[in-house]
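Summarising the annotation, Swiss-Prot assigns disulfide bond to Cys100-Cys178. Swiss-Prot lists Asn7, Asn11 with the feature N-linked glycosylation site, giving sequence analysis as the kind of evidence. Here Swiss-Prot flags 1-27, 92-101, 165-189, 263-282 as topological domain 'Extracellular'. Positions annotated as topological domain 'Cytoplasmic' by Swiss-Prot: 54-73, 124-145, 213-238, 308-368. Under the heading transmembrane segment, Swiss-Prot lists 28-53, 74-91, 102-123, 146-164, 190-212, 239-262, 283-307, citing sequence analysis as support.
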Amino acid sequence: METTSANFTQNDSNVCTNLYNHRGWAQYFLPAMYSLICIVGLLGNVLALHVIWPNLKKINSTTLYSANLVVSDILFSLALPLRVVYYARGFDWPMGEGLCKAVALLFYINMYAGVNFMTCLSVDRFIAVVLPLRFSRFRKVQKVRYICGVVWVVVLMQTLPLLSMPMTNIEQSGHITCMEYPNFEKIDNLPVMLIGAVVLGFGIPVITILVCYTALCLKLRHLAKSNKLTEKSGRSSKAIGVICTVILVFVVCYSPYHVDLLQYMIKKLRYDPDCSELHKFQISLHITVCFMNLNSCLDPFIYFFACKGYKKKVLKLLKKQVSMSFSSVVRTSPEGSSKDVFGNDKIQMNSRSFQKERSSVLLNSLEQ
């Protein structure tokens, strides 16, 4: 039986009364973490957008996917202050059902958009380096715009149904919880739905990303072995290092939450977990969701170290700010022509061997 009061839903559950007994440490740890994620994520992604925006006319596939990822991260960061207030109040939401649904919508949009656009980026890099001729048409800007549009439509189809679900619940303690797992427990076939969401929203994308980047690493290792100049320059090693960093960030941020969710849903299909197990799951969810949200503030750092053009433009911007502060002129060398904001170095054809030219082209494609 359910009763409603002041736009909030109250479940008639007197079974579990200890689900938020960890609020003592959570109301300090979670606000601190989310405040850090909000500040770093917002500043980093706004800076990334500031670098990308003036160069939209020179945009290419990599930049376009990255721009969509940046927009998603910014929208998510703007909603985090409300979550900080919620956690600081000890899991108590004072802002109504409507705002709770809006914050939940932005949270899940960011999660699915982040996974999908990271997958698109991995496939884009795979095509650029491993299959540059056969599938190059899928890297044309016009087609990539359509792909981005389809991704957003799919993400909205995945998340908009949340607006029809109750997001808040009045606990026996009087606290009003928002976007907590127990608030969804009365949804029919919830374990099956969430297992399907984990497989489609995380399992398939992570396999795609691992396959694409593994193929990239193998290709780069082959290029380094067949071209001593490339191996000596260290460019292939740097590229492989960047790829490993991207994979590590993705796996560390997204895997704990989805693995945690998957194991508990499988457990629910077998039997009904008791209050102790549900409480442990609640604690693990709060921690793993926090890790997953770290991804939004780590993306700008990946752009900085992975993309030469982005790094150069950020450093130039910082030098400009320093020069203005100290009323001094810092002269920098003019930038060469660039295909896009992430700096696709112009390849100069010369009389060197074909293998060296091919290695340079593929490595430059990876650094876009």
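Placement of Cβ uses the backbone N, Cα and C atoms for every residue, glycine included.
Proximity of the transmembrane segment (74-91) to the transmembrane segment (239-262) is not established, fewer than 3 Cβ-Cβ distances being under 8 Å for residue pairs spaced 6 or more apart.
Packing against the transmembrane segment (102-123) from elsewhere in the chain are residues 62, 65-66, 68-69, 72-73, 75-76, 78-79, 82-83, 147-148, 151-152, 154-156, 158-160, 162-163, 167, 178-179, 201-202, 205, 208-209, 212-213, 246, 250, 254, 292, 295-296: each is 6 or more residues past its ends and has a CB under 8 Å from a CB in it.
Annotation note: Cys100 (disulfide bond) sits in a helical segment as assigned by DSSP. Of all Cβ atoms in the protein chains displayed, 25 besides its own lie within 10 Å of the Cβ of Cys178 (disulfide bond). When secondary structure is read from DSSP and collapsed to three states, Cys178 (disulfide bond) falls in the strand class. Distant neighbours of the topological domain 'Extracellular' (92-101): 7-9, 82, 85-86, 162-163, 166-168, 175-179; these residues of the same chain sit at least 6 beyond its ends, with a Cβ under 8 Å from one of its Cβ atoms.
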